[in-house]
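Inspection log for the structure reproduced underneath, given as structure tokens.
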Amino acid sequence: MSLPRCPRTRTVMFSRTLTRCYPQRTLWIAILCVICSWTLSTAGATTIRDKEVKPDAPQDLTAIPVKAEAIVLTWKKPLKGQTDGYIVVYCLKRNKGNGCERQKIEGGNVTEVEVTNLYANHTYQFQVQSWYSDHPKGASTGYIEASGTPPIPPTLRRNFKGLVEKSLGFEHKIPCPVKADPRPYTRWLKNGTDLTPNDPDDNVSFTKTSIVFKRLRFSDAGLYTCVASNFFGQPIHVNFTLIVVDTHSESYAESSVLESFSSLELETGPYNETEEEETHFPRFTDTERMEPEKPLPSNTKVRLECGARGTPTPNITWIKDGVQKWKINVIRPTRVEEKGFVLIIRRAIVRDTGKYTCIVSNQYGTIEHTYDVKIRERLPVKPIMSPMKNVTATVGSNTSFVCRVVNDLTPHFAWMRFNGTNNTKQRLTDIDDHISILQQRWVEEPMLTCDEFLDVFYQNQSKRMLECLHLIQLETQGGMEEANQLKLYNVQYEDEGPYLCVAGNFYGMSWEGAYLDVVEPTTQAPVRTNPPAVYIPNNMQPTSKTQLIIFSVVGFVVVLILVTCIAILCKQTQVRHRRPSDKPDISGPKHLYRQTSVDSTQSIAPLFGGRNRLTSSLTVISEYDIPLDPEWEFPRDRLTVGKTIGEGAFGKVVIGEAVGIVCQEKTSTVAVKMLKANAMDREFSDLISELAMMKMIGKNPNIINLLGCCTQEGPPYVIVEFAHHGNLRDFLRSRRPPEEYEKSILLTTSQTLTNKDLMSMAYQVARGMDFLASKKCIHRDLAARNVLVTEDFEMKICDFGLARDIHYIDFYRKTTDGRLPVKWMAPEALFDRMFTTQSDVWSFGILLWEIMTLGGTPYPSVPVEQMFDYLRSGKRLEKPQNTSLEIYHILCECWRTSPGQRPTFCELVEDLDRIISVSSNQDYLDLEAVGDAPVKTFQESERMAFMGFRAPLSPQVYYKVPQTRDCCPYAN
């Protein structure tokens, strides 16, 4: 067997060859060999031990609770009557270390033991082992779990109320209204946000099942959620609203009666009158009853409540549809009455439909609430209900009942269930006889609560057949369930029975019932209920010599297969490295982006880079084996390098002459990228990465194109097109007019630029960027300094990746990831380090501004340290002089704060093309007015709120931006 690029070896030399060629895999092979050797040695040792007689393991271990602190363990198959054997019983408290002592029982005929002195209502793990005195190992059963009393999953207390009112300034302890065994773990949330013991607020603390307020404040009011869970059943969420009231205040606004916890014990402390009292701004006292929508039939009573408190007593004003004096237009105004914080409209008609807003205010503030009252003429028909379906659920699962009304009335729902389980199926047929007495009361007041409903039903009898189901516990991830849906969590056997849905309106009431049948799970779940406990299979060592031999052989075969697979994988990897594809395989919407070197100050990192950057030691250049690419490899003897045209800390760009790189036997002037002698591994990998990406990108007239490379038998060279006029920034600055004292002694030879020339430059850059965007490449450093101008005045986007000046600080800000071109970067790139094609559009706007100012410096008076605050406040660069409003409109669109609102490069190409088509070659610039923005730019920009600004179009706009655009064509 031979491996790629390794000397041919015999089988005995396989491991040496694999170690020399693939050192990173040697450790894994060594581990596999150790496992194989251990398996074989174990088989041999077991052959000797197998001759000894082992005890039989106890079978059918069960646990029976006899009281809260004691459990009886029973098993079968003792030690065959031998007197020299013994039994060991192990007992562990679940998840809490040792819970009971280990018991050693002499004699082999024992099949039962009572474990005492346990903690009540706690779960334990038990295991029984049998031993011979002359044998080194015993035989054991698996672990089982049991407790003295059956565990209870989290369940909501029956007497729970969802509204809690507490006094200001006192200490209060509010427990989670959940019963469970073992004691549940509780987590608290306020207004949907987690409250943790590590919060800086020392006024709030937590016990195992309660939240404690040292001194209750108004800011502590809100919606609290208690999440309780233990090892059994599903977690339960309980919501309640905490209202803080000032019992020392003489002013106490009239409101609805508040409910509270009647069964919870509260701990209070003295009120410290020396501390400053909090402001008593108005607040609503019963938000749960303030439902925003009130759909009612005509000829009914409308009751709108806005119960509130405050000091001083707040005033309340009612308005309808924004009109304060709405009562003068009411038919028979005596029907409308205000009682404190309640608005009552008797015998409502359709004209009473509207939005009623209560405005509650005092000197500290104003609050308001709006009711949407809809009065409709409807048929006088009580609710017509669809039959409910019976439900079968397994223990511990969730289920629900749905109550549907088919007519067009909006009824009031109430859910109930029967107490007890005796003959409950027959009670569904007898409910009509009992429920008819409620008809008259329901017609008078259809919005009865469920408790009020049963008070009338049983007329204060102590023994009740029905009980209410409060919907406060019916919470889901999406919010509260609808009133016509009853959802039951963590179903238990005691939940089995009939359930009733009662729906009523002003014309009567109807009901439907269904039966919940609770069954055992079809698949045995982990032990979490009362014993008999579930037996866990015994995890004993194999006692058969045949089994050990089989396991050893199987292990050896597995190791052999793994070694063979690794060898095949190594061979395939080497073949792929020897014959790489001409272009990288890019599938899916993968984005390529430009990388910025750590020490970069100029735009010197590779133009295009993959997402993961190579890192290695920064001492010397590693000897990389670069695969030969015949399509791009250029002979070194046909390349002559000349003077340096760009230089940085670790690399440089030189001018060169290549024979036959463009046409056969024709010498072409090229630019050659190379490394300096002090370059490190990172710079080497950057250069190779840029080379690979340029191969994949392809050619375009407005991109510095790759011509070839030299990667074999010497340092790597990247050969690209040469630009005669250098970068665009210096080219523009060279076209600026001379200073006054120079005009008399110098003769200007620079060609005069027109508006059309400048638009052509921007157009070509936009086409190049549109090409990159189509290839899913992100430049990240688009600026005039990174655009080259050829001898034919073509614009070519580039980046001489290894030419850098580490002392230059104007363009970049030092971060942990390197220096960044701060003044060219979009806000999302600065603040969130998010680089996309739309962030390149922002940079294009800065580049267009540079073009219109003939190489001006953006934000000349804004320090780099203030750029973050400058952009965050919405300020932008001002319009360059002699720039038309349509051009500045493009700038403003590129500088939109939201990336999604910026134009695409395809749209920019079309817009600039339209401007060029209507421009005149005679549109000369006033060269006296171009250059860097004046010093006052920053101060004037402070007064310009640019956020959301859209520059007005001049009357001479020559084009209209279409709503949709097709992709722009490219030259390959």
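Each Cβ is built from the backbone N, Cα and C atoms, and glycine gets one as well.
Not measured: the values here are computed from a predicted model.
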Site-mate of ILE645, GLY646, GLU647, GLY648, ALA649, PHE650, GLY651, LYS652, VAL653 for ATP in Swiss-Prot, selected among LYS673, LYS695: LYS673
Candidate cysteine (CYS306, CYS403) that Swiss-Prot pairs with CYS358 in a disulfide: CYS306
Record Swiss-Prot, residue CYS226, disulfide partner from CYS100, CYS176: CYS176
Cysteine paired with CYS403, where Swiss-Prot records a disulfide bond, from CYS450, CYS468, CYS501: CYS501
Average pLDDT across the domain 'Ig-like C2-type 1' (150-242), rounded to a whole number: 82
Rounded inter-Cα distance in Å - GLU647 (ATP binding site), ASP781 (active site, proton acceptor): 18
Fewest other Cβ within 10 angstroms of its own Cβ, chosen from the glycosylation sites ASN191, ASN203, ASN315, ASN390, ASN398: ASN191
Largest tally of Cβ atoms lying within 10 Å of a Cβ, found at which of the recorded positions GLU647, ASP781: ASP781
Binding-site residues (ILE645, ALA649, VAL653), the one with most neighbouring Cβ atoms at 10 Å: VAL653
Summary of DSSP states over the domain 'Ig-like C2-type 2' (282-374), given as helix, strand and coil counts: 12 helix, 47 strand, 34 coil
Within the domain 'Ig-like C2-type 1' (150-242), residues counted as helix, strand or coil by DSSP: 3 helix, 49 strand, 41 coil
Rounded inter-Cα distance in Å - ASN203 (N-linked glycosylation site), VAL653 (ATP binding site): 66
Most crowded position, judged by CB atoms within 10 A, among ASN239, GLY651 as recorded positions: GLY651
